[in-house]
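Encoded as C-alpha cells, the structure appears first; notes follow it.
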C-alpha cells in the first residue's frame, strides 16, 4: 500500500524558495572559500546570452548575481541576435578547451536557432552545468550521481525542507519537457515515489484523477490556472514550476493558488518558489564540476 498524505491544515505552508536558495548559496560560498584556502582554482562559469530578450536577460542577471555571491567567476558572453549556430559552436569548442571554465551555460531559447540540441550536445558533459547533455541525463536514468538538471534537482531540495516523507508517495508530474518534466520523473523514481506523468495527450478525466491522487504534485506546463486548486489532494505538497504573466501584469503559476493553498500541506509561491532554487542549483552544479575537474571518473556514482 502507498502511504497517504496527512490531512491538510486550514492553509498550506509556503515552501519559500528564496529563503532555501539563500541557505544553499551560503553553504556554497563556504565551499568556494575552502577551495581557495586549499590553493585550488576559483570555479569559473561561462554565461552565454544571445540577443536582448528581456526575460532571458533577467534570468542571466540573476545567475550572474548568484555566481558573484558564492565566489564563482562569471565569464560573460553577450552576443548579438544575429549570432549563427556555427559561431556558437566555435565558442563552445573554445570554452570546452579553457581550463578556467568549469561550467558552460547557454541561455535558452536561442533566437533564430529553433533546435538547440546540437549545441547542447557539443558542450563537454563535464561542463554541462545545466544538466541537459544526453550523457548527464543518461547518468540520472541509471541512478548515478552526475550533473543533474537544475530545476528538478532544486525541487528535490525543496521537498527535503518539508516535514513530509517522499519515499512511498504517489507523485504526479504535469508536463514532460526535456528540461523539467522528464528528469523530474527520474528524480522522483529514484526518491522512491510511484510516478504518474501527464501530458497533452492525457485525457482530461485521467489528468484530474491523477492530480487528485497525488501526494506530491509537480506542474510545469506554462499555462496559467491549468490545474484547478480544487483538484489538489488534502495534505499534498504542490510544486508549481509555471510562471505566467497575465494581462494585468501579475505573475501566476499553473495551479490555482488560492484554492490549492486551502487544501495542500505545502505549496510553492509564484514567484519565489522554484525559480530561485534553479539558480542556486546551477551554482551547486558549477562547484561540483570544478571539484571534479581533472579527476578521471569523478562526479559519477551510483545513487
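Positions of Cβ are set from backbone N, Cα and C atoms, glycine also.
Cβ neighbour count for residue 243 (NADP(+) binding site): 18 (other Cβ atoms within 10 Å of its Cβ, all protein chains included). The NADP(+) binding site annotation in Swiss-Prot covers 175, 176, 177, 243.
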Protein Cβ atoms within 10 Å of residue 176 (NADP(+) binding site), excluding its own: 18
Site diameter for NADP(+), Å, by largest Cα distance between 175, 176, 177, 243: 16
Other CB atoms within 10 A, centred on residue 175 (NADP(+) binding site): 22
Residue 177 (NADP(+) binding site): tally of other CB atoms within 10 A of its CB: 16
